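According to Swiss-Prot, the heme binding site annotation covers Tyr45, Cys65, Cys68, His69. Summarising the annotation, Swiss-Prot assigns signal peptide to 1-44 and lists sequence analysis as the type of evidence. Marked as transmembrane segment by Swiss-Prot on the basis of sequence analysis: 295-315.
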Amino acid sequence: MKRNIIFLVIHQFENLTMKKKQNIFFIFLLTVFFNFTVNSNVSAYPVFAQQGYKNPREANGRIVCANCHLAQKPVELEVPQAVLPDTVFEAMVKIPYDQQIKQVQANGKKGDLNVGMVLILPEGFELAPSDRLPEEMKKKVGNLYYQPYSSEQKNILVIGPIPGKLYNEMVVPLISPNPATNKNVNYLKYPIYLGGNRGRGQLYPDGSKSNNNLYNASATGKITEITPTGKKGGFDITIQTLNGETVIDKVPAGPELIVTKDQTIQVDQPLTNNPNVGGFGQAEAEIVLQNPARVQGLIIFLITIFITQLFLVLKKKQVEKVQLAEMNF
């Protein structure tokens, strides 16, 4: 049935005029270009860090996402206390926020917040392959797609931006290394670092402000004109300085003006409110890569203690019976 439909479509296409064929081909190219552009914009946020920094965690412990997301907000990370080698386990990432609030989008309009995170694992730990995941864990993960920070750093995972209302809590499926096959890994306690954000950043990687930021006056003087710019919003604020010069501060669509015409202002005085409602946070946890031989040794040790205690109790009862018999005699 499907083959017949395909043949019919091809036959109909061959009967079209050359002009119609060109129009269809043009629409096809336009659709592909649009999808590529949209997907590139959506996936751009993690790329900022990936392209600009070889390692997302600086020497002082700060995760580089904080360079663009200036406000501090809490995040939570939950992992098992210990895992055995070559074992699949899950990490729970929580990015809490009030889901009723709206953020300023790039076009100046209000919309829901998105979230994103970077998870820095110990060397050897990485994303668990899908064929190793139990069905229950697959359901918890859902449609989330985690990707390595780079081809050489599979122990660093990133995701985002994704809808915060759906994914403010994320389950990350992980697999532990096996020191028997990976000589760079030892049975030790390791740290895991998390960086998570909700909402858009206030700065771009080049240091320029986004429209999700506070805008200040660049000079001291009097506001002589406030001119709307474009259909999407934004303003040009004309300031006449004390020496008679004219300075124009541009405010993009999004932030709300808190100054008026003929108002006297000082340099660095806020011209707008701070529209940012999101923020970035860091958390860390520790996990022990447990040696199975140690676990077995501990179990044997505990069993030995239990048997020893049992024999002591039995011996005590035996002695008590002998003493009781001697007293009766």
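Cβ coordinates are placed from backbone N, Cα and C, and glycine is handled just like the others.
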Under 8 Å by Cβ from Cys68 (heme binding site), counting only residues of that chain that are 6 or more apart: Phe48, Gly201, Gln202, Leu203, Tyr204, Pro205
Assigned conformation of Cys68 (heme binding site) - DSSP reduced to three states: coil
Neighbour count (Cβ, 10 Å) for Cys65 (heme binding site): 25
Number of Cβ atoms other than its own within 10 Å, given for His69 (heme binding site): 25
